[in-house]
Each structure stands twice: as C-alpha cells, then as structure tokens.
Amino acid sequence: MPSNRSVSDAPIVQFTNCRILRDHRLQREDLWVREGKILNPEKLFFDEKGSADVQLDCKGSIIAPGFIDVQINGGFGVDFSLATDDFKSGIDLVSQKILSHGVTSFCPTLVTSPPSVYHQVLPQISVRNGGAHGAGILGAHLEGPFISREKKGAHPEHCLRTFEAGAFQDLLNTYGSLDGVRIVTLAPEMKRSSEVIQELTKRGVCVSLGHSVANLSQAEEAVRHGATFITHLFNAMLPFHHRDPGIVGLLTSDKIPTGQRVFYGMISDGIHTNPAALRIAHRAHPKGLVLVTDAIAGMGLAPGRHTLGQQVVEIDGLNTYIAGTKTLSGSVATMDTCVRHFQEATGCSVETALEAASLHPAQLLGIEHNKGTLNYDSDADFLMLNDNLYVQATYIAGQEVWRQDASGM
C-alpha cells in the first residue's frame, strides 16, 4: 500500500514485536511514529491510506514512556549548585549521560545556596527539548533556601532564609528571576509562606513541601493555596505520629480540594527509605508516587569525596553523607535502578513501576498531554526495556539517542 504524502513527507516508523505501556497496561501492539509524535494507525490507514516507511523489530521488548526526573542535583562529576565557568558544558554532560538510564526529561535541581549562585546559575538553565545531545530540560527545581533549620538535612545552615516583610519579593531577590524555574521546595510552616505559594502557583511554578517541621494542618493549608508536591517523602520532615501525622498525612488527608491531587517524591534507592515505608506510602496513595533520584555529582563516579553545593560529601558504597557525619546527602542511584528497586520492594506491577517514573511526574508538571504516556499525538520519547526493566535503548522525538551495545555497555 503506497504512503499518502498529502499529510506529511516525513517517514513513518513502525515498531513491531513489542509490548507497549498504554492505558496503564502492557499491550501487544505496534508503535507508530512520525515527526517526533506517536501516530494513530487507524487514522493513517483509513484517512491517509498510508503505511510504514520503516519497520523495526523490537524482539519482544517492552516499550515505555521515557523517564522524567524532577529532582536531580547533578551527576558524573557535575554539581548543579556550583557556579562554574563551564556550567553549560556540565549540564550538557549530565543530560547526555542520563540517556543510558532511561531519562528523557529532567529538572536540574539546586540545593540551598547563596543568592550569588542562583543569580549566576539560573540564567544558564534553559528549558529545551531533548535529542541526540541529551535529555530535555523542563526547568529548574529550587530546593531551598526557604526551609526549616531543624530539617535542613544536607543544606548549609548559613544559607537558609526566611520570608521577611516582602515575602514573595524576598524570594525573587534571592533567586534573581523565576524564568525557567519549574519547582520550588519550601517549608510551609514559615511565616508568610501561604502568599508565596499562591504567587508561585499563579506563575505556573509547582510548589513542593519539604525540609519542614510542618504539622498536618499547616501542610493542608499549603495545599489549599496551591502546593501539589512533597519533596522526598519521609526524608527531612517530622516522622509520622498517630496524633499528628505531619506532611506524611497529606497522602490520606480528606482536606485536599476536590479535583486536586498531591504527588510525592520517593528516593527508591534502598538507602533513603526502608522498603516497608515505601510499601506503606505506595499502598496509601499509589497514584501520587513520583520516583526521583535526588542524585548528586558523585552519581556514576567511584566512592570518595565529592560536592553538593556548598558542602563536601562522602560516598561510601550506596550511602552519601556530609563529610564527617552520618547525615544523608542525596543519592548516587540512577533512575532505572530506582524503578527496579521500587518494583522489587513493593511487589507492584511492571506498569505501576514504570508509570511512577513517567506518567506521574508528567501529571505533576501538567505536561501529560505531551510526555509520560504513549498516547496518540504525544511526544515520541520512549524506552525499550527487557523484562527485568533494564534499558536497552532510549528514543527522543522518535529518534534513537542511546542503545546498549553488544558488550552490554
């Protein structure tokens, strides 16, 4: 059957012999791609009388949407919280290297830093599409400095700030600009945080609650004002207490406004969260779980001393600590590792594990019509994986950008 060129001259690629993650289940059907988008084959056959120009045999692989990492502090020797002369080449290196771990889009994350760092670094983080050069950048995630001293974790205390009389203006002065900023993590118990949350939300910035000693009613108030995310659940927040479950209580709160969903990040690296806690969170609120790496510059490097913004950190196996302490400071886990650990720890379905790293972060950021699914007309950012969820190939806009070679590298 000849292709009909009345719609587009672009080649049509048909991926065959695969199981596609669509509508929350793996389905045995082909994936059709044209001009970087997922194509509806029925429209192609019946409206255009068209057919594929190229057929690719996937040899039984799973095809899933590309992973989206909304909290990654760096990796491969690059620290996003350091204002270096070659910052842009550093971010390019990370975006290239994470392709092999299935990440097709990410939010470069800055930990609490002096204003001078934000002013230097943020203008160099541009929202951009992914491609052969690396994963797409969805905008920056600013974790701090408006967080709790008691729950600062690996954040430097001398850089922490509170909202003064100006509140939102204080935030703008600290960051310099909100251009290209996608997520801000703050502690909701801080005075004047409600007006800041409202202003950020108005500007399309996702507000996340974290590094906080907030009680449940303070957390619920923050959600009513527009907060939609929780930064690395259980870590750097008050532990669950049956009389006041704190931020953790948002997972089952009945005070969430109708039509609003609270999402929460989980560092599923086997270190930050006990598997039992991972299971509790997942069973309480499965549709809100978003896998994040919280990876630091030491991801992909040998154990030893590395940086996390203003602090020196030490990698000891899979543990990362502020040097000389036992305070956890980010992770060295890759996203594909987190997906596999999550599935193993919770016993959830393959579909559920994959959606926690793709659909849910896309829904959190309001980009699920373009990313995080393999629905028709969405971006053709996807992965080929084997049954054990190891990434075999990564595609962005329908183009292969990484493939595991024959030696398994």
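Glycine too: its Cβ is placed from the backbone N, Cα and C atoms.
Here TrEMBL flags ASP294 as active site, proton donor/acceptor. Residues or ranges marked as Zn(2+) binding site by TrEMBL: GLU143, HIS211, HIS232. Residues or ranges marked as substrate binding site by TrEMBL: ALA154, ASN235, ALA236, ARG243, HIS272, LEU328, SER329, GLY330. Taken from TrEMBL, the feature domain 'Amidohydrolase-related' covers 62-401.
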Cα within 10 Å of HIS272 (substrate binding site): which of the binding-site residues GLU143, HIS211, HIS232 qualify?
HIS232
Within 10 Å of ASN235 (substrate binding site), Cα to Cα, which of the recorded positions GLU143, HIS211, ASP294 are there?
HIS211
Between ASN235, SER329, which of the binding-site residues has the fewest other CB atoms within 10 angstroms in the structure shown?
ASN235
Same chain only, sequence gap of 6 or more: which residues have a CB within under 8 Å of the CB of LEU328 (substrate binding site)?
GLY153, ALA154, ASN235, ILE271, HIS272, ASN319, THR320, TYR321
Which one is it: of the recorded positions GLU143, HIS211, ASP294, whose Cα lies the shortest distance from the Cα of ALA236 (substrate binding site)?
HIS211
For the C-alpha pair, I'd like the distance in angstrom between HIS232 (Zn(2+) binding site) and the residue listed as 'active site, proton donor/acceptor', rounded off.
8
Those residues of the chain, 6+ apart, with a Cβ under 8 Å from that of GLY330 (substrate binding site):
ASN73, ALA154, ASP294, ALA295, ILE296, LEU308, VAL313, THR320
So what's the mean pLDDT when you look at the domain 'Amidohydrolase-related' (62-401)?
97
Would you mind checking how many other C-beta atoms are within 10 angstroms of the C-beta on ALA236 (substrate binding site)?
26
Please report the Cα separation of SER329 (substrate binding site) and HIS211 (Zn(2+) binding site) in Å, rounded to an integer.
12
May I ask for the distance between HIS211 (Zn(2+) binding site) and ARG243 (substrate binding site), taken between their Cα atoms and rounded to an integer number of Å?
21
Within 10 Å, the Cβ with the most other Cβ atoms among the binding-site residues HIS211, ARG243, HIS272 is that of HIS211
10 Å Cβ neighbour count around the residue listed as 'active site, proton donor/acceptor'?
29
